[in-house]
Amino acid sequence: MRPLRPISHGHAHPQPVGDEYDPGPLYDDAEDAPPAPPPDDPPSANPAEKLKDDAFYHHWDAFTRKKHTDRKARLRGRRAAHAQPASGVERDVEGRPVHLTLRQNTAGVVGSQRAATSFDEAAASCRAKVAAIVQESRRLNTKYFDPLFMLAKPETLESLGAEARPMSVQGLKGVGTVKRVEDIFENPVFFEDGPSAADVRQGRNGDCWFLAALSALSGKTALLERLCVARDEKVGVYGFVFFRDGEWVSSVVDDRLCLGHTDDATNYQTEYLLRVPGDQNPFTTELCQLGAEIRPLPADFRDGLRKGSRALYFASCESLNETWLPLMEKAYAKAHGDYQAIEGGYPGEGIEDLTGGVATSTDTEDILDKEQLWRELLQVNDAFLFNCSSRRGRDDLPADEEGFVRGHAYTVLSAREIAKPANIKAEEEKASKIGKPLPGTGESTVRLLKIRNPWGRVEWNGRWSDGSREWSPEVMKELQHTFGDDGIFWIAYRDFLKFYPEINRTRLIGPEWSVTQQWTALNAPWAPTYLDTGFTLTLPKAGPTVIVLAQPDERYFRGLAGRFAFYLHFRLYRAGEETYLLRSMERPGSRRSCSAETHLDAGTYTVLVKIEAERGDALTRAEAIRKYRTDKAEKLMAVGRSFELAHAKGRLREKEKENEREDCRDARWEEHEALLVERRQRRKERAKEKARKRRVRAEEKRKLEIKKAERRERVERKRAEKAKKKEDEKAGRAKREIAKGKMSRKGAAAKKDDKPAAEETVKPKGKDVPVAAEPEAEDSSEDGDDEAEAEVGAKDEGKGEEVEWEDEDEEEDDDDDEEEEEEDSKAGISPPEAPSAPEAPSAPGAGRNSPADDLSELDHHCESDSEDALSEISSVADSDFSWDSEVDGPPTPSEDESSGDETDDDMFAKDPWNAVCVVGLRVYTLDSEARIEVIKGLRVEDVPQ
């Protein structure tokens with residue numbers, strides 16, 4: 001088995017290597033697994049330098065691939081896997097075919113249809129599942145047992161890759177015994193006088209947001225009752241439906257529930273009664289020093305802790321025998337994979353999952369028209385449902401001075417506007433007389449909101465709270481309110497806006513609405529910008545429109561969500577217009593969707609999408625698969641199938657393959673560009689080397705010219721000295737002749753006749769003064785012959801040096817041309833056209849003075865020291881010259897090499913940016929003919945970001 005080896009470019013998707021690639025599938029039997037060969041490469045000394053891979057399907061397919069014995073069988077299995085959709089898409093966790101809407105949505109498209117169609121199909125599928133289970137159980141005479149969600153296993157309590165373990169698996173604080181409903185409740189009943197907000201009590205996990213959503217639905221009981229579409233209490237099977245990613249899905253569970261205490265014989269928990277003296281504190285003093293009395297509680301009391309709603313570990317109903325809430329919570333947890341997956345959230349998301357509506361969040365400080373908000377609040381349980389979140393504190397106290405649980409989700413049950421009671425009017429008049437008017441003085445009515453805490457306790461203690469002086473018997477009767485610590489209280493609208501900084505509003509989608517949606521997968525850039533891929537919306541008729549841009553809910557596949565967090569935005573443009581009509585409203589903290597609601601005219605509209613991606617330190621999907629494929633293979637399989645179900649509609653598999661092909665193209669192009677850059681660099685290096693050599697040769701020539709000038713000067717000086725010496729000798733001889741005395745005429749005549757012969761004998765050149773030939777002239781002639789021979793040698797050396805330089809230049813040029821042609825052929829580059837050659841000179845050496853020509857002007861009688869001169873010139877080096885940036889500096893990159901891409905490469909060289917997000921546009925209208933299409937190639941250069 002070969003290790004995963006991601007490539008170093010683009011989206012860093014590993015390249016498949018056919019049948020040889022196998023990241024190590026899980027074998028049921030260790031003996032069946034072949035021995036692993038040694039790795040191809042030694043492990044890196046620094047694992048952080050390895051490239052991370054954010055793809056899913058390449059590693060998921062390797063994990064789920066069945067073991068085959070031969071190559072043909074592997075090929076057949078691979079072809080079958082590509083020919084058929086993934087099992088997690090076509091079948092649900094029960095192993096039965098999913099309903100029709102899911103099969104259609106694997107293409108990412110849902111045509112315009114009634115909003116209730118998806119619910120009807122999911123309900124029909126759920127009823128069919130429950131009927132099949134009931135029939136099988138009656139045939140086998142056994143109660144239904146759900147093997148895919150066994151509460152005794154940690155996989156149903158703890159998420160895959162959770163940062164912190166939930167309290168449900170922490171020893172004595174955790175889950176106790178798992179029992180069936182009939183073993184927990186004396187007289188179990190699913191609904192007792194229908195569901196209500198007072199029924200909801202939170203358990204020991206942090207799903208208050210979900211329970212707040214259930215409380216919000218209690219004002220419209222029909223919405224709650226329809227969620228349980230089928231049940232058989234005798235067999236112990238219950239079927240529920242929930243809204244997930246734009247469509248309704250079913251969840252079937254058995255009637256086993258978790259208790260807070262255990263009956264395990266090997267770990268039986270015994271409750272004791274501790275009696276401590278009044279002056280002792282058992283929390284600060286050791287038990288052995290208290291002098292306390294400890295005795296077991298009676299058996300019937302201990303058994304009472306394991307009976308009824310109070311015995312349950314998770315959520316329970318207020319009534320001791322009502323069962324709808326813990327069973328619905330269990331079905332919701334199973335739909336998400338485990339109980340920990342539903343901890344922490346936003347009430348608006350919970351209402352969406354229970355109703356199929358569209359939730360929006362608003363900060364109270366940003367509300368423009370508070371009168372419009374009040375008008376919407378008056379429609380609670382009719383057209384809207386409302387939740388609110390309390391403010392967060394800076395200390396560790398769970399509640400503030402006003403009685404609000406900090407950072408907690410509450411439910412708006414009702415909104416009423418009543419006439420101002422007489423006692424309040426009297427109080428306002430009294431306050432006005434002393435110059436301290438109360439808020440709302442002069443108003444004839446009072447606006448009140450009925451709020452509920454999912455805990456069933458801890459209430460608001462300000463104006464209009466239980467027992468406050470604002471209440472009168474008439475008002476209590478009108479509002480049908482009773483005092484009690486049940487978590488339900490009334491609050492004035494003005495105080496509601498003051499103490500609840502966030503309001504969640506959910507528009508209910510009734511049967512009169514139609515829905516159409518389209519899903520696709522997009523590459524999220526590092527710098528957020530509106531993408532060139534968007535949607536077109538066509539509306540044949542005008543009317544109210546709700547637009548939702550969503551991504552798959554990460555709760556359903558925790559542990560495989562990856563390390564990217566995506567925040568969605570969109571703008572709506574009318575076709576042909578440059579100014580957008582509206583933009584999305586983001587819910588604070590919620591990343592699942594963004595939406596906008598408005599009235600649109602008939603026509604065509606364009607939706608531009610912007611995705612903000614943030615990369616964290618979580619495991620990539622490839623790392624998660626490698627980490628959990630052995631120890632948590634069963635949990636990994638369930639979460640992976642849920643991931644497939646969520647992303648198949650967006651065609652994530654096709655998008656990842658497209659990214660792989662794009663990576664291959666980018667790799668080839670980068671290799672091509674690297675060859676071009678390397679070729680240009682070598683050209684520059686060779687050019688600089690030539691320049692350095694030319695500089696050295698020029699310096700050698702310059703020094704040689706200096707030597708020649710010096711030799712020429714010495715020759716001329718010696719020549720002048722010889723001429724002067726000859727003149728001096730001639731003058732001396734003349735003086736000596738005159739000094740001998742008078743000569744005879746005969747002697748003088750004879751001397752005069754002999755003078756021409758003497759001139760012809762001694763004259764070395766035509767310009768020299770004729771002197772008589774003497775033995776000294778012979779010595780001078782011999783010296784001239786030696787100098788002439790040395791001059792000829794120097795001349796020959798000078799010519800040879802010049803020829804050597806010319807041959808070296810020609811050879812270097814020929815080598816450069818051959819290397820460039822070879823590089824062009826490797827890189828696939830056509831060689832550039834050769835420039836036209838200049839016309840050759842008519843004769844060798846024409847147009848320039850060579851060192852040989854200069855040497856020919858030297859006198860043949862000078863002394864020859866050419867060998868010494870050449871030995872001095874050959875010692876010239878680069879260090880002898882001043883620094884020249886054009887010759888001695890490093891090669892400067894060209895414009896295309898010094899572009900901004902180098903910065904990006906440096907940022908993501910060790911960790912490429914591989915963000916791929918699946919998004920879906922969902923539009924609700926009153927017109928059943930609305931259409932959505934994905935459009936690519938949008939011009940977004942001029943769109944303000």
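Each Cβ is built from the backbone N, Cα and C atoms, and glycine gets one as well.
Listed ranges 67-95, 647-675; the one TrEMBL annotates as region 'Disordered' is 67-95.
Other C-beta atoms found within 10 angstroms of the C-beta of His408 (active site) number 20, with every protein chain shown included. Between the CA atoms of Cys208 (active site) and Asn453 (active site) there is a gap of 9 Å. Between the candidate active-site residues, Cys208, Asn453, the densest Cβ environment within 10 Å is the one around Asn453. Spacing of Asn453 (active site) relative to His408 (active site) is 8 Å (Cα to Cα, whole number). In the three-state DSSP scheme, Asn453 (active site) is classed as coil. Counted with DSSP, the compositional bias 'Basic residues' (680-696) comes out as 17 helix, 0 strand, 0 coil. Mapped onto three states, the DSSP output places His408 (active site) in coil.
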